[in-house]
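Have a look at the structure below, then the notes.
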Amino acid sequence: MPEEQTSAEAAEPRSPASADTARTAVVIPAAGRGVRLGRGAPKALRPLGGIPMLVHAVRAVARARTVALVVVVAPPDGAAAVRTMLDEHPLPDSAGATDVVVVTGGTTRQESVARGLDALTDDIDVVLVHDAARPLVPVETVEAVVAAVRDGAPAVVPALPVTDTVKQVGPPADGAGPGAPEPVVATPERALLRAVQTPQGFDRATLAKAHAQAPTEGEGATDDAGLVEALGVRVVLVPGHEEAFKVTRPLDLVLAEAVLARRRATDGF
Ligand SMILES: Nc1ccn([C@@H]2O[C@H](COP(=O)(O)OP(=O)(O)OP(=O)(O)O)[C@@H](O)[C@H]2O)c(=O)n1
Ligand SMILES: C[C@](O)(CO)[C@H](O)COP(=O)(O)O
């Protein structure tokens, strides 16, 4: 059964790790409500191929042989349900000796990630942050991010070229309601744009400093790399994968079911 740690326990100082016990952890923010997905359970708890989306995400990262710890950041009112579902869907043998810890999240993704970081053991030196909403990320993408961080990059983000032309819009006209025409102010050069995914990988100290210095008002940062960029730290992109898409709206769930069905037909899992 995954341990649950209180925030006090998670904050307790722990014995420093020796260099040869340095390990990789993945924090999985899974505390969102899934408003854009429509009415229902919190998004991470919704079924995908008959298995909770969160379980797919945990398995996807735990398959990476270097991942030693997974910290699941559960909805505040869903921690018990998350622990139960993780018990009911144990990691495959291929996950090796991966530890799983469940903590409770906050009102923003940024706060949830920060709470996940608080649960890391001192022997963790590389941290990935992976959205539970990206349940089908291939293990190769996870391992490529870990490898790039371990090769010395302080911050590594998987990304894909943008396939739609993107427009920057200006502020809405006074009194404009939802759906009102928006003024276009720029069309960024598409060849210089990338759509970023997760898992985003970091040197632990860099990510901890970024969260410690991040403003906490409002909705918070939409991704962790943005917080690291604010430190002036170089962030590099590595190739993402189209199957690492985020399940946000109902049609994304249809696509995810189709991708999973194709995998089960061809790969048997
Ligand atoms: N307070 C929050 C908000 C989001 N997340 C997590 O961050 C990831 C990306 O967020 P998103 O896709 O926006 O999920 P939701 O916030 O649930 O979606 P919505 O904005 O439609 O409610 C998800 O795995 C979500 O569970 C989180 O842990 N804590
Ligand atoms: C972190 C992320 O998945 C990178 O594309 C994205 O920013 C999450 O956005 P969300 O609105 O929290 O889903």
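From the backbone N, Cα and C atoms, a Cβ is placed for every residue, glycine too.
Any TrEMBL annotation is an automated prediction that lacks curation.
Marked as region 'Disordered' by TrEMBL: 1-22.
Feature annotation from TrEMBL assigns compositional bias 'Low complexity' to 7-19.
According to TrEMBL, the feature site 'Transition state stabilizer' maps to ARG36 (among others). Taking Cβ-Cβ distances under 8 Å and a sequence gap of 6 or more within the same chain, the neighbours of ARG36 (site 'Transition state stabilizer') are THR248, ARG249.
Residues or ranges marked as site 'Transition state stabilizer' by TrEMBL: LYS43 (among others). Non-local neighbourhood of LYS43 (site 'Transition state stabilizer'): GLY32, ARG33, GLY34, LEU37, MET53, ALA132, ALA133, VAL247, each in the same chain, at least six residues away, with C-beta under 8 Å from its C-beta.
Residues or ranges marked as site 'Positions MEP for the nucleophilic attack' by TrEMBL: ARG190 (among others). Within the same chain, the residues at least 6 positions away from ARG190 (site 'Positions MEP for the nucleophilic attack') whose Cβ sits under 8 Å from its Cβ are VAL162, THR165, VAL166, listed in sequence order.
The site 'Positions MEP for the nucleophilic attack' feature in TrEMBL is assigned to LYS246 (among others). Cβ neighbours within 10 Å of LYS246 (site 'Positions MEP for the nucleophilic attack'), excluding its own Cβ and spanning all shown chains: 17. In the three-state DSSP scheme, LYS246 (site 'Positions MEP for the nucleophilic attack') falls into the coil class.
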Among the recorded sites ARG36, LYS43, ARG190, LYS246, the ones with a Cβ under 6 Å from any atom of ligand 2 are LYS246
